[in-house]
Structures are given as C-alpha cells and as structure tokens.
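Asks: Below is the structure I would like to discuss, written out as structure tokens.
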Amino acid sequence: MTAADPLPEQHTMGAPTTSNGAASNGAATAAATGSTSPQNGPHSLPPTVLDQIRPYQPAGSLMYMDDKDWQPDHDMDVPMDHMDTDDDTDNVRARPPARKQAFGKRMPVDREEVVRLMLQGLQDIGYHQAADVLAKESGFTLASRAALDFQAAVLGGRWSEAISLLSDLGITSRPLTKVASSRSSIASGLTTKEADVNPAEHAKFLIAQQKYLEYLESGQQKKALAVLRNELASSATDKDSLHDLSGYMMCLDREDLYERAKWDGAAGISRRQLLERLQEHISPKVMVPQRRLATLLDQARQQQQQSCLYHDDSDPVSLYTDHQCASGSFPSVTTHVLADHTDEVWRIEWSPNGNLLASASKDKSAVIWQLKTPSEGNGKQYSIVPLHHLKGHAGAVDALAWSPDGLTLVTASLMRVYVWDVKTGNQKNSHLDSSPHTDTISSIQWMPNGEQFVVTSCDCHVVFYSRSGSVMNKWSISNLQIIDFVITPDSTRIVAAFTWLRRVASHNKLKPSISVRPNPSDERGTDDMAYGNMEHGVAVIRIADRDIVDYVSDIQCSDVTSLKLSHDGKRVLVSCAPDELQLFALEPHLHVVRKYVGHVQSRFLIRSSFGATKDRFVLSGSEDGHVYVWQSNAATPLEVLSGHRDTVNAVAWNPVSSRKLFASCSDDTQIRIWQPPLHGTAGEDEDEDGEGEGMEL
C-alpha cells in the first residue's frame, strides 16, 4: 500500500482487548476492527480532528535520505583482535570488534515499512489516537480492508467469512511461496518455496480444525463430526493428523480435549495462534506479522547481549545506546586466598544456596567455608571464613556432593563414603564399617529429590545410598568404568563420562578393537581375561532399567576426566585430555555442539564448570596454573587469569545469579576467590608458577 491508496479504517494488530485491557480470544472490539468513528470506540479521534491533519510526503522512499549511497562492503571489513596480552597482569582479554563505517551510513530502510511498524507498535501499546494521526499524516495504512476483515473474522469465530476472504488476501491454490521465518526474514520479504503445499487447502484445513475443536469443546458432537467428514477429510494432507483429530471425538470432557489436543479452547489464545499460522500464507505487505516491532527490538537486544563479551544477563539492556558491559564487571581479581589445606586441593563445590563452599584435599580432609555478604565484611566485597574442618578420612578426599537442601555433605576417600551434618560438622554414618566398593570412588551425585545419593567407583559399580548413608541398591555394569556423571533434573537418566574396559582372552594376542555398543550387563568371567584397547566416551543411562539409551565414543580424546550439567539440564560440559572441552547437547540425541581450546590438560584430572546466569561462561583450570574463561558461544578464551602457582584442578562459579564470584583450587594447596575489581585495585598476584604432583588421570 502506498500513499496514493485510499485510507481505510485503522486497526490494531496486537492482542485483542476487552474493556479492561485484558487479552482475549473473542471477536475484535472497535479498536481491533479498525473503526475510526468516535461512536465505535473510546480510542479513536473524531473525523473532524483527523480532517485538520495535513498529509506529509517527503521526497524519496527511504527513512533517512543520507543512507542512499550506502554500500554493503562498508560493513564487511570488521577486524577482530581476538587475543591481546596485558603484560602487567598476564591476562588475555578479547577485544570487541572495531567497525569502519562512516557516521550516517546505515543500511537503507524503506519508510513505508517503518511507518507501518510504528502504526502497529503504537496500537499494540494502546496509543490509538497517535496511530490515527500518523496514518493520516503519512498516508500509509497498517493493513488492507480485506486483511482487517479477515483478522476480525478469525478472532470472532466467523469461519465462513474467513474462508471467503482467502482469495482477497492472495491465498490461492497455486504452489506456495511463503516467508521463510517470521522472526528473521519476514520484513524483507525473503521467501522459500514449499513443494506439494496448496496454500488455500492448507488454510481451509487450519480453519476447519479450529472449528472442529470448538464444536467438540461446546459439546456439539454432530456438528464436529460433519466438519470432520466434509471439510477436514477433504483438505487434510497428513493422514496421521486426521487420525489424531478423529480420536478427539472420544475425549471424556473438555479438560481431556485440552490435554490431548494441546489446545486451550475458544476462550484462550487458540484463535490468535490460528491467525499467526494463517499469516504464513499472507504477504507481510498485505498483513504485517503480529507484534513485529517488538520482535525486531527483541532481536536487537538479544544480538547486543550476545556480542557483549562480559554480559551475564544480570542487568537490563537499554534501547537508547549500544550495550557493552565493562570488563571490570567480570570477577577477574583474587580477593581471598584460602590456605587451610596442607596439600593439593582437588575439588570444590558451592552449596545450592551459594552460601557455603566445600573443598576436598589430598591432605585427607574436607573444609566447609562460609561466605559473608559485603554488609558482613568490608562492605564492598564478599568475604569467606572456614566453618568446619572435616577430618577422619582414610586417605585423600577426591569426591564430594551437597544435598539439594544444603544440609548434608557427602565426601569420599578411597573406597569409603562419609556423610556429614553441615550444621554441626559431625559425621552421620560413622557406624558403617563396611563398604560395597572394591575400588576407588570416582564421583557422587544426589538425586534431585534429595532422598538418595548415587556413588560410582572404578570397580564398575553404581551404588544408591539413603540420605543417612545406608546402601539401598547396587548395579554391576561390567566393563563400563564411570569416571564422572550427572543426573538429569527429571531423575530419569544418568549422563556419564566412561571408560569402556575391553577384555580379550589372556592366551590370545590382542587384536584391533571394533567399535560396538557398550553392554553394561555383560557378565563374562574375568579369570582368563586381560584388558585390551580402552575406549572413552559419554553415555546416557536410563535409571529405570539401566539401559544405555545413547552414547558417543568417537570423541577424539585420549581420556575424559569430568562432566558438568548445565542449569537447564539440556547440555553437558565434558573435560577431555589432551587440552579440550566439549559441549554436548542431550537432545534430540547426544552430540557435540562446540569445543573450547587454549588451556593445558594432559596428565591430571581437571574439572571444568559453567558460569553466570544462563551459563554465559565456561571455566576450566589448567596445568599451566591459570584459570581459563570462555564465552559459551566462542571457542577461544575470553580471559586467562593468573595467581595460582601450580595446576588448577577445579573451578566453581557461585550459583546465585546476583553474585559475580567464583572459586578455584590448585596443587599449590590454595583456594582462590575471584571477584570484580574495586576501583583502584592493585594488580594481581605475581607469584611464580610452581610444580606439583597433581591428581593423576
């Protein structure tokens, strides 16, 4: 539509509203139907006022005329200095890209598109009179009369009227050319061909489907059956969907229908969702996609957050300026060095509420540390003090886990499990003298409900314990040695980093191994067997029946040393030797989505971690004594932090989103707490790197 077209009545493309402004799914109100006469609604201006507005038609068609000489190559040369070393702090910081683009030279934007989006945005937020004035002055309209009538018919449940308007909107039986993506390309008109799709028939099917469900909802089974036979059967292209629809006739009541059809009824948002699906067949120049301006603004904010190197989602992003978090907001300075351990510190974990930190050491002890808020300390930064020293372990402590409520801590040393009361620091299960494990314990995890915890050991066993430390169940997964594992939030699966110990007859020569599915139920005797090639990988084990439902063994690493679950339970971060982290997605199947490199890991067991809200960062220790930090969507380090004098064995980010701090532990016997620098903070520790024995792989 151009300024030369007659001016139709104005219309809102946002959610239809009731008299109190609440979103509804019924027939459109006066504002939604586009009437501008004062008697039809409280929002529109009287015609006498609109008649006084003089149309304005500037020269050209662009939003800014100084963009007319824009060339695409202005934006092509974007140098990126990925790594820049600061000699004073020995930190490696990534630099933001420096754009070479003259002021005022933007990608040109069509004025009509901008005005129509502004009209929609004004009406979406309730400024109907301002939209009327803008339409009158610009000469542009949001939608054609046919489009307005079509939307009102769909939202009002007038199905015959909606079908009769399809041809007026360009929805015909010709092969479909539809917009590729309503979120990315709909405004530019980019389209993609979909073969074997009849737009008119598909639109009629969608409308008939809604009509059918509404008849069922209102208890009109005979009318629903007529729609099923006369309309849905003739327009359906997918026999499975038609079969599902016919099955809804057997629903016991409305709630059963809502659940089975994944549909919320005529009074919900189903009609608006139907309109959005029908709009896929309508040119955006005829009907602007709903809430398009809000979508573009959201995309702009998301892009700025993703391009911000230090963004952690704790602060809102403004539209007024380009967003960029300062590097000084990142916890890159050691504020506390904890030195209570007398030997290498191998593992650290924050409690679920982030107020306590547990550390495990080669010195046969574990320590619980208490975090003090700034108001309890120096008023500027968090401080931390020891709360309990947990002693009495048989050997080095190399595994620990907090209960979900943070009241119980489980530690492991050699083949024994120790259960501790966090409030008192006393051991709960000191009466248990025997252990079901015959080899070193490798990892501990609690079930999400907090009723049991699970322990794996190098003897290829998985043991389920009660909260008090009594053995509840024991699996034997012969040949599958679990190095580390996590439990999914729904408590149904174990995701494990494993070593598959392949056995061959001891009297035969070893032959090249063949990659086959691991079989945890293989109970072959071992008296005349010896270990052949060992394979490392990641497996998903269903807890209900111990079945390996997914696994990846071709990870191109010599060893897998640790595994960390993301906060949303959809990804796992796997530490691999040599010198690599791998990020796996669990759905639709186990697969690598990204790799992180730059750190050093070849000899020792190092545990990596996610960091910040929505796992914005990935962190890992390193055998060169540094802490490495990556953006989760970038393969090269964002920060390389110095301070430790020996191998950094583990890193743990505090789980409270408002707290910007993490901890690291090392073979230098120290735990370091990292926080953002204060103004005027001095440089970091200049201690020289040392060497330590480390926790061997």
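Each position is counted from 1, following the chain as shown.
Every residue gets a Cβ built from N, Cα and C, even glycine.
So TrEMBL lists the following for this protein:
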- 17-37: compositional bias 'Low complexity' (COMPBIAS)
- 683-697: compositional bias 'Acidic residues' (COMPBIAS)
- 1-51: region 'Disordered' (REGION)
- 84-107: region 'Disordered' (REGION)
- 675-697: region 'Disordered' (REGION)
- 338-373: repeat 'WD' (REPEAT)
- 390-430: repeat 'WD' (REPEAT)
- 641-675: repeat 'WD' (REPEAT)
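Buried or exposed, and what's around them? Tell me for each listed feature.
Replies: Confidence over the repeat 'WD' (338-373), given as mean pLDDT on the 0 to 100 scale, stands at 97.
Sequence-distant neighbours of the repeat 'WD' (390-430) (same chain, 6+ residues past either end, Cβ-Cβ under 8 Å): 343, 346-347, 349-353, 355-356, 358, 360-368, 437-446, 448-450, 453, 455, 457, 465, 467-470, 695.
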Asks: Cβ under 8 Å to the repeat 'WD' (338-373), counting only same-chain residues 6 or more beyond its ends: which ones?
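Replies: 382-391, 393-402, 404-406, 409, 411, 413, 420, 422, 425, 605, 607, 646, 649-656, 659, 663-673, 692-695.
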Asks: So how many of the residues in the repeat 'WD' (390-430) end up helix, strand or coil by DSSP?
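Replies: Across the repeat 'WD' (390-430), the residues distribute as 0 helix, 20 strand, 21 coil.
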